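K.L.:
Please see the structure below; I have some questions.
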Amino acid sequence: MESFIVYSVLAGVIALIFAFMLSSFISKESAGNERMQEIAGHIHDGAMAFLKTEYKYLTGFIVIVTVILAIFVGWQTAACFILGAIFSIFAGYFGMNVATKANVRTAEAARHSQGKALNIAFSGGAVMGMSVVGLGVVGIGIMYYIFGGNMEFVTGFGLGASSIALFARVGGGIYTKAADVGADLVGKVEAGIPEDDPRNPAVIADNVGDNVGDVAGMGADLFESYVGSIISALTLGTVVYANKEGVMFPLILSSIGIVASIIGILFSRKSKAKDPQKALNTGTYIGGIIVIVSAAILSNTIFGNLKAFFAVASGLVVGMIIGKITEMYTSDAYSSVQKIANQSETGPATTIISGLAVGMYSTLWPIVLISIGVLVSFFVMGGGSNAMVGLYGISLAAVGMLSTTGLTVAVDAYGPIADNAGGIAEMSELPHEVREITDKLDSVGNTTAAIGKGFAIGSAALTALSLFASYAQATELESIDILNTVTLVGLFIGAMLPFLFGALTMESVGKAANEMIEEVRRQFKTIPGIMEGKATPDYKKCVDISTAAAIREMILPGVLAIVVPVAMGLLLGKEALGGLLAGALVSGVLVGILMSNAGGAWDNAKKYIEGGAHGGKGSEAHKAAVVGDTVGDPFKDTSGPSMNILIKLMTIVSLVFAPVVLQYGGILLNLIK
């Protein structure tokens, strides 16, 4: 086994050992009093019940796709697909299991100090982060070694990761938002009870949803991004460089990224900063600096120049700036969110209008930055004289952006753990000071989640672009002629798909939320003593509604993302499929940014008012902001984040089925001719 494969697998194993150590640390902490443990037990059971049901359905999907791959593409690709799917499931399961233990321990720690609570919540998130990167590089390293570096087979691993990620993100998003919308509209607006009030029948489902969507779903999303970026770099690196330096560089860089993430996590955990945001930022910046310095040394050692370093640095810097810009559009410390809060004074309509405007504005700078990142990485690598080398540079920018994924996921998954801790504190009637600490941690979590979503969409654009280049190479497409009618048809259909996908997922949340609202209203009417706190609501019924709706509604969007590219390639040929991928990439990135940022801005405008601005809780402005937040929920937590996976999944499906499209593509064209 070549040394660079050994290094990458070893780094992955170290990440998994570190995750296990953090998990053990969390388990040893106190889980609080009996009431806290009872509530946490309900949340844990609900989350695990959902995962078991989801995985049961996904097993059937994995079997069907494996058989199709084995027959039409090859058993080797099918084997890689199975491993990618299983590892994606493992990453979600490990992360969710620990997150549902860390939440109650964070609430208990908040009774003692903010620092201790932050440490536990962040450690819980770090388990997810380390599981994602550890399983990612171990899986790719093993498959690369077993199949002798044949990337045609290893792309199957990416397909497995991507398809599970889409179902996890969509299913988790529908679950969490059905519960959230139901709990908010009936609980807050109609019944006038506060958030996380134990009298609300949907409150447990809402807290389960935080884990299902924002821990397992988000983890699977970034697992897929991480794996996809490495696979695209390896695929192009194999073509461009004869002596394996094109493969060696991304694998060793990913290994260094894991070590840098571990160091960053340790710094954040030991930080003495009073502001939780500063503590989290410390680790992120340290991890980023280690990767940039290492990339310079590595680039000079492997390639004898700094070209690869500049490509990697462009990706990492663009990712960090997009994260900061996302914060500026979604944090209540900046004018965009404050404007939405101001517009809430005149009712829900102006709240919605201003939120949509913020979402649209927020597409400008990320797209400009992604474009700069693409240009820099393409030309600095030598794309002017050799296009394939330039495209390899773009894939390195994606690897650079995702090199500290372990840290990104840790910071991102910390948010829902802190949110859950606040819910447990409220339901357990812990002192007001505890809720103040968890609220502070949660508000930082909202910002980190928004930054994470910005990072995810930026990396999705670069990863999909480099996978698209791999597809063009696999199907022997020299260029895509947009004056070609067939390509134009593909472009139109591709550009439409993110809107159709968004409509399906938004409608699914609406349907599921409707069921939830009816159930919560029924319980308020038919169970005497709920409002007085004398009777316990039927929490399980609401959990079951969310689970059933999420599983039912995730199937169509998921199947669509896989079937449409294959159908397009078979019916209209490789040029039309190339057009479809380009159209979906452009519109998917824009729709994803708009939805994620508009939703985040509405959410924080509501929190800004709850902090005392514009009349505070219970005011007319607050009621309007709650409506905005409710509309924004499926925007930012279901449809928006799903766009990243959609564009990457369609590209990797096309790459895996490229041999089939090359052999049988254009059936309809041949009939017409």
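In case you wondered, yes, glycine gets a Cβ from its N, Cα and C as well.
Okay, these came from Swiss-Prot:
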TRANSMEM  62-82  transmembrane segment
TRANSMEM  84-104  transmembrane segment
TRANSMEM  127-147  transmembrane segment
TRANSMEM  154-174  transmembrane segment
SITE      Arg169  site 'Important for ion transport'
BINDING   Lys177, Lys636  substrate binding site
BINDING   Asp180, Asp184  Mg(2+) 1 binding site
BINDING   Asn207, Asp210, Asp419  Mg(2+) 2 binding site
SITE      Asp214  site 'Important for ion transport'
SITE      Asp221  site 'Important for ion transport'
TRANSMEM  222-242  transmembrane segment
TRANSMEM  247-267  transmembrane segment
TRANSMEM  279-299  transmembrane segment
TRANSMEM  364-384  transmembrane segment
TRANSMEM  387-407  transmembrane segment
TRANSMEM  449-469  transmembrane segment
SITE      Ala449  site 'Determinant of potassium dependence'
TRANSMEM  576-596  transmembrane segment
BINDING   Asp603, Asp629, Asp633  Ca(2+) binding site
SITE      Asp637  site 'Important for ion transport'
SITE      Lys648  site 'Important for ion transport'
TRANSMEM  652-672  transmembrane segment
K.L.:
For the transmembrane segment (127-147), name the stretch out of 84-104, 222-242, 247-267, 364-384, 387-407 with the most CB-CB pairs under 8 Å.
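P.N.:
Looking at each of 84-104, 222-242, 247-267, 364-384, 387-407 in turn, the most contacts to the transmembrane segment (127-147) are made by 84-104.
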K.L.:
Any chance the transmembrane segment (652-672) and the transmembrane segment (387-407) are in contact, meaning at least three CB pairs closer than 8 A with a sequence separation of 6+?
P.N.:
no
K.L.:
Where else in the chain does the transmembrane segment (247-267) make close Cβ contacts, counting only residues six or more beyond its ends and a cut-off under 8 Å?
P.N.:
4-5, 7-8, 10-12, 14-15, 18, 122, 126, 129-130, 133-134, 136-137, 140-141, 144, 149, 230, 233-234, 237-238, 241, 282-284, 286-288, 290-291, 294-295, 298-299, 302-303, 308, 312, 395-396, 399-400, 402-407, 410
K.L.:
Need the DSSP three-state call for Ala449 (site 'Determinant of potassium dependence') to compare against my parser.
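P.N.:
Going by the DSSP assignment, Ala449 (site 'Determinant of potassium dependence') falls within a helical segment, counted as helix.
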K.L.:
Expressed to the nearest Å, what is the distance separating Asp180 (Mg(2+) 1 binding site) and Ala449 (site 'Determinant of potassium dependence') at their Cα atoms?
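P.N.:
It is 17 Å, counting Cα to Cα.
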K.L.:
Just the number: how many Å between the Cα atoms of Lys648 (site 'Important for ion transport') and Arg169 (site 'Important for ion transport')?
P.N.:
13
K.L.:
To the nearest whole angstrom, state the Cα distance for the pair Arg169 (site 'Important for ion transport') and Asp221 (site 'Important for ion transport').
P.N.:
7
K.L.:
Given the cut-off of 8 Å on Cβ pairs that are 6 or more apart in sequence, determine whether the transmembrane segment (154-174) and the transmembrane segment (62-82) share at least 3 such pairs.
P.N.:
yes
K.L.:
Which residues, given as numbers and ranges, are at least 6 beyond the ends of the transmembrane segment (84-104) yet have a Cβ under 8 Å from it?
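P.N.:
That would be 19, 22-23, 26-27, 31-32, 36-37, 39-40, 43-44, 47-48, 51, 55, 58, 62, 120-121, 123-125, 127-128, 131-132, 135-136, 138-139, 156-165, 168, 207, 211-212, 215-217, 219-220, 223-224, 227, 413, 416-417, 420-421, 423-424.
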K.L.:
Between Asp419 (Mg(2+) 2 binding site) and Asp603 (Ca(2+) binding site), what is the CA-CA distance rounded to a whole number of Å?
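P.N.:
Cα to Cα, Asp419 (Mg(2+) 2 binding site) and Asp603 (Ca(2+) binding site) are separated by 14 Å.
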K.L.:
Can you list, in sequence order, the residues of the same chain other than Asp603, Asp629, Asp633 whose CB lies within 8 Å of the CB centroid of the Ca(2+) site?
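P.N.:
Counting only non-site residues, the set is Asp180, Asp184, Gly599, Trp602, Lys606, Gly628, Thr630, Val631, Gly632, Lys636.
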K.L.:
Measuring Cα to Cα, how far is Lys177 (substrate binding site) from Asp221 (site 'Important for ion transport') in Å?
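P.N.:
Here the two Cα atoms lie 17 Å apart.
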K.L.:
Can you figure out which of Asp184, Asp629, Lys636, Asp637 (the recorded positions) comes closest in space to Asp210 (Mg(2+) 2 binding site), comparing Cα atoms?
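P.N.:
Of all the candidates listed, Asp637 is nearest in space.
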K.L.:
Which ones in the same chain are close to Asp184 (Mg(2+) 1 binding site), with CB under 8 Å and 6+ residues apart in sequence?
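P.N.:
Glu195, Val626, Asp629, Thr630, Asp633 - these are the non-local Cβ neighbours of Asp184 (Mg(2+) 1 binding site), listed in sequence order.
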K.L.:
Hey, would you say the transmembrane segment (387-407) packs against the transmembrane segment (576-596), going by three or more CB pairs under 8 A that are 6+ residues apart?
P.N.:
no
K.L.:
Cα within 10 Å of Asp637 (site 'Important for ion transport'): which of the recorded positions Asn207, Asp214, Asp221, Asp603 qualify?
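P.N.:
Checking Cα-Cα distances against Asp637 (site 'Important for ion transport'), the recorded positions within 10 Å turn out to be Asp214.
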K.L.:
Do me a favour and check the Cα-Cα span between Lys636 (substrate binding site) and Asp214 (site 'Important for ion transport'); whole Å is fine.
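P.N.:
It is 11 Å, counting Cα to Cα.
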